[in-house]
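One structure is given here, and the rest of the page talks about it.
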Amino acid sequence: MLYDRFGRPVTNLRISLTQECNYRCFFCHREGQRFLAKNELTPEEIERLVRIASRLGIRKVKLTGGEPTVREDILEIVKRIKPYVIDLSMTTNGSRLKELAKPLAKAGLDRVNVSLHSLKPEVYKRITGVDGLEAVLEGIEEAVKYLSPVKLNMTVMKGLNDGEIWDMVEFAAKTGTILQLIELEAPREMAETAFFRKYFYPLKPVEEKLEKLAVETKERRMHRRKKYFIPTDYGIAEVEVVRAMHNTVFCANCTRLRVTSDGKFKTCLLRNNDLIDFLSAMRNGASDEEIVEIFKRAVLMREPYWK
């Protein structure tokens, strides 16, 4: 297993498969990738990377984007990398889950996170730029059958969907999904912009209310986040709160190494001066051991953003 200079183990790989997306969410951080990548990793290159990572103790992989399901070879990618990992998941907008949930599960995907920022069609369209709520809800229904546990990612934004938090808690209970309430996040230089101030909605008061309502709480090892079990008319809802801004505990317990869609290691979502190219080495005939050394160099560059 690899450890960074701060004693944090690296156990998770978060791979952006593409920067292409069929949605236009106005707040999207694009996994920290600022520019559209035209040189995407091939399925063979992704498989090789994950195989090497598994030798280093990295056995959990999350596929992201952009929107990973817009890649026509998504099933091949999943099938290729599953033998090397114990937990293979994906973050998706859910637009193609109705047709893909079962094939993805058959290919080896274990579970999904679905971005669901509103249950109101007009608000959903305003946030995502797409009139696609109904298709996503149908996709979630299919995902629950084949890719459980399904997590719903709701980025809470002031004046847009902050009034839907408790409706979403009930929806999670009703559908048997797990709700993640997520604060808007941004690098330091963006946190004082008019955009951020307009939409940032602090979740601390919400978490305090969840604490009071919960019939049970647990703590996740990842980021030391609490899980709240909330009684509703539809049964118990499982709710997590992601508050990354200025959260030193969140960063101190990060175990992720990110991979950009154009073949670079990225040590932190909020940094852009930390990219380490491995794809050029791969395509120029580098051995597995040489890729391992690039892995190690990337891990040693990791440091908590908030500390």
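Any Cβ shown, glycine's included, is placed from N, Cα and C.
When Thr91, Thr92, Thr217 are compared with the GTP site residues Arg14, Lys62, Lys151, Arg256, Leu257, Arg258 in Swiss-Prot, the one appearing in that site is Thr91.
The Cβ of Met190 has fewer other Cβ atoms within 10 Å than any other of the binding-site residues Cys21, Cys25, Met190, Cys254, Leu257. By neighbour count, meaning other C-beta atoms within 10 Å, the densest spot among the binding-site residues Arg14, Lys151, Arg258 is Arg258. In the predicted model, the domain 'Radical SAM core' (5-231) shows an average pLDDT of 94.
Shown in sequence order, Cys21 are the residues of the chain, 6+ apart in sequence, with a C-beta less than 8 angstroms from the C-beta of Cys28 ([4Fe-4S] cluster 1 binding site).
Taking the Cα atom of each, Cys268 ([4Fe-4S] cluster 2 binding site) and Met190 (S-adenosyl-L-methionine binding site) are about 16 angstrom apart. Nearest neighbour of Cys254 ([4Fe-4S] cluster 2 binding site) by Cα distance, taken over the binding-site residues Arg14, Lys151, Met190: Arg14. Secondary structure at Arg256 (GTP binding site), taken from DSSP and collapsed to helix, strand or coil, is strand.
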